[in-house]
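Comments concern the structure below.
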Amino acid sequence: MEEGSSESGQDGGALSAASVGTEAVAAAAVVRKTVKMSETRDFIPCASEGTCLRDYSRSSGSSAAAAAQPDVASCTGSSEAAPRDDADADAEIHHTPDYARRAPAARLRIAPLELFSAAPSPPAAPRPPAKAADAEDAADDGAAAPEAGAGGGAQEGAMGCQIARTDKGNGDCCGQLRQEYDSLLREKGECRRVLEDLMRENDLKTKECHEAQTSLRDLQMELMRKSMHVGSLAFAVEGQVKEKTRWRQLLKDLSEKFKALKTEHQILLKESEEYKKCLSDATQMTTTIHQYMSQYASLESEFKDLKEKFSEEAKEHKDLYNKLIELKGNIRVFCRCRPLNTEETAEGASMAIDFDSAKDGELIVRGHVSSKKVFKFDSVFNPEEDQEKVFEKTAPFATSVLDGFNVCIFAYGQTGTGKTFTMEGTEGARGVNYRILDELFRVVKDRHDLFQYEITVSALEVYNEQIHDLLLTGSQPSTTTKRLEVRQVAEGVHHVPGLVEARVANMDEAWDVLQTGSKARVVGSTNANEHSSRSHCIHCVMVKGENLMNGERTNSKLWLIDLAGSERVAKTDAQGERLKEAQNINKSLSALGDVISALATKSQHIPFRNSKLTHLLQDSLSGDSKTLMFVQISPNENDVGETLCSLNFASRVRGIELGQARKQVDVGELSRYKLMVGRAKQDCKSKDAQIKSMEETIQSLEAKNKAKDLLTMNLQDKIKELESQLLVERKIARQHVDNKIAQDVERKQQQQQQSHKMEENSTYMRSPMSERNLNTTMERPPLSAAPKKDPGMAKQPFSDSNNSDTYSFNQLMSLAEEKENANPDAAAKARRVSLCNGGARQPRRSSLIPLPRRNSLMPLPAGGAKTPAPALAAASPLDKIKEYSSPPLSSPPVMSNDKGGSRSKRISSILRRSLQKKVVIRPPPSGQAGRRAGAVAAAAAAQGIDSARRAAARRVPAGGGAPRGGVHQNRDKERGWNH
Ligand SMILES: Nc1ncnc2c1ncn2[C@@H]1O[C@H](COP(=O)(O)OP(=O)(O)OP(=O)(O)O)[C@@H](O)[C@H]1O
């Protein structure tokens, strides 16, 4: 029905204009549709619509017209008559959107059509109830008719009812009926007219309706569009609202965040303040840190330098230590440990050796028991260290060989520990033999300008105590015919005569030869080693060198020995040939052990000849060689016993002091050098003797010098003593002399007075010349030579002036003697002598002046009687005095009187001493000169004592300042100053 109405709504033009009900239904359907639309949009006002809807639904009832009327009235009333709702309605209309306002208007336009279609019914109002009931039935039918869709169905129904009623009343009502029928016909005509009018009107209305419908449809469409638009807008609004809410939430969050940030900002501000404060501290700290950093850097560089220095020092120390060891002649021992092999690893064997301090040459054997044993060697190589590393420390031996030293390198150890690996190596990991030959030829190449070398190689083995030449073809033990023995070819030189020596020019040739030898060696499989060496393999590289600069020739040997491994026969389960081999190997190794023990204990007898091996190694083990031993060990804890044995043996070997290795100079050259050495030794001896005698001379001279110095010192002391004594004596003498002079003057005056009186009394007057003392006349020199002196001069007090040495000396002597003798006459005479005028003094002076003053400088001997010379010297002036004195003076009591003699001796001794002092004072440098002369003489002792003496003698006067005559020299000699 709804679809039908909608269809009719859509195709409104096709609908019958007469079918009001249909239209009404269609309108209702449209309204319903509109309502439906409005229902979907909750924002469209619904109050009036609800009413309209209710009205329309009612209008679809049986009395559609009657029912519709009040509804329409209510509709219209609601819009027109009800003043109460006007304002609301206006407001509603005013507020209601345009499309909503048009809808009721459309409904209102439909309402007259419905009214018209129901209009014929009201005239039947006065109908009886039955009729009314029928009418109701008819209305019901009529109500059903519109539903069936027939426009005139209601009218025909009504007519049918009337006919029925007519039939009911039949006859009596026939007239009435006719009337009624006529009236009805009229009515019908009228109705038809009305109907026609209505039809026309209806057409018009239909047209209007159509238009309205069209506009309604447009409106609906618009409404729909708008609705949709509104919907979309609402959706958009909704989205916006949601967005807004979200934004609000976001804003809220942001504001919260902002708040948090603000607080954080506050905190940060505070922190920044603090940081600002801290910044200055930090700056300070930074500078301090920088300072420390620079200090640290400098310290670090210093530390680095120190470290480098330390490492250099350590290296140097090590080198020096090595050199020391080398000088001491120890056998150097390197220890090498092989890695665990696959079998051992599979068995889960663990390492028994600790290599933590291997760099210091130490290794620790942990062993089965808890105790650890530490061994120290020259170098320790752990299992990880390769052949190159091992050779690094072996290389210097190559240079030693070329320098002319015998070198022996041998590998010792338990079977299967890597002796052959170390010595021979493999194709990819060359061993010591290859590398040392390579190094040898490299150095030969380097030295080709200065040295010329000739290198020969031989290879032998000691198998079951027999020496086999490995370079002989078919030299297998079974086929060998030639028995080789070790012979001593020269003192300390052992050799195997008959050994093939292949001369090689380069490394390849040498290696080929050695390989040939190694391949010919007896090798067998044992439990311990699949390729076990069953013999001691010995390669000998002989180097003949010539120094092209000085022609020195050397003849040295390099022994490269791979010993057979020691093995426990029980452990290896050797049998037959292998057992014999093992026994021989162990025997020779035990002989080696004996030799080592003997060497270690510095035994008188070293059992080198107990085995072929030790006999061959004799040169290497007895001091002429540089020897290096590789002790090979196994890391396996199951081999600890053997390892300890090997290590103990190696330790003993390391302890052997062989003495310094000797350069193997060629014998021819050696004799020449020996001769030269002999001569040099003789020269040395004679030189030594010379040096010894010179040393003795120097020693004796030094001793003499010392004695002289001592003597000089003693003399100086004595002189000082005498000086002080002399001073005292001089003072005393001066006092005494002054007293005497005063007494003499007095006495003289008295005598003169007495004689004057006597003369006056007894004799006649004399001339002035007669008053002169005869003595003075006698003393007077010839008149021509005697200058007249002022008489006042005689009265001059006694002076100790040097200018009047002779005078004062004589005067002093005479006065002293007078004083001693207490002889007034003599004293007077002496006074006269001393105080006489110049004419009287001159002759005496002439006699005394020639006496050199130095006469009195002669040292006084201890006993005056024993030394006549000083006595003479002392006596001579007195004799002279006597000689020139007048008779009363010629025999002075001084000389005759014993008592006076002793005194005069004393005085003279004092004087002499004083003069002696003068001597000392005058030439003070003479003693020093003597000493210097002594020193010079000592220095010149090597050239001869006499020349030194002459030099000293020459230098003494020069040192003294004034030249001295031979007398002085003699006196010096007498004093012992030049000795
Ligand atoms: N340092 C090492 N690095 C790697 N492998 C090693 C080392 N030392 C020894 N070996 C290996 O151990 C095995 C035994 O070594 P080698 O034959 O040299 O022992 P050996 O002491 O000579 O034995 P023998 O006394 O029985 O002749 C070899 O296979 C060898 O390659």
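Including glycine, each Cβ sits where the backbone N, Cα and C put it.
TrEMBL lists 55-89 (among others) with the feature region 'Disordered'.
Positions annotated as compositional bias 'Low complexity' by TrEMBL: 58-74 (among others).
If you look up TrEMBL, you'll see 118-156 (among others) marked as region 'Disordered'.
Residues or ranges marked as compositional bias 'Pro residues' by TrEMBL: 120-129.
Look at TrEMBL and you will find 181-215 (among others) tagged as coiled coil.
Taken from TrEMBL, the feature coiled coil covers 244-327 (among others).
The domain 'Kinesin motor' annotation in TrEMBL covers 330-656.
Counting only same-chain residues at least 6 apart in sequence, those with a Cβ under 8 Å from the Cβ of Thr417 (ATP binding site) are Cys337, Arg338, Gly565, Gln632, Ile633, Ser634, Ser646. Reduced to three states, the DSSP call for Thr417 (ATP binding site) is coil. Annotation source TrEMBL lists ATP binding site at Gly413, Gln414, Thr415, Gly416, Thr417, Gly418, Lys419, Thr420.
Sequence annotations record features per position, and here TrEMBL assigns coiled coil to 684-711 (among others).
Per TrEMBL, region 'Disordered' is recorded for 743-804 (among others).
Annotation comment: TrEMBL describes 761-778 as compositional bias 'Polar residues'.
The region 'Disordered' annotation in TrEMBL covers 837-979 (among others).
Taken from TrEMBL, the feature compositional bias 'Low complexity' applies to 845-878 (among others).
The feature compositional bias 'Low complexity' is assigned by TrEMBL to 927-946 (among others).
Under the heading compositional bias 'Basic and acidic residues', TrEMBL lists 969-979.
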(Q) Near ligand 1, which of the binding-site residues show up if the criterion is a Cβ under 6 Å from one of its atoms? Options: Gln414, Gly416, Thr417, Gly418, Lys419, Thr420. (A) Gly416, Thr417, Gly418, Lys419, Thr420
Q | Site with most surrounding Cβ atoms, counting all protein chains shown within 10 Å, from the binding-site residues Gly413, Gly416, Gly418 | A | Gly413
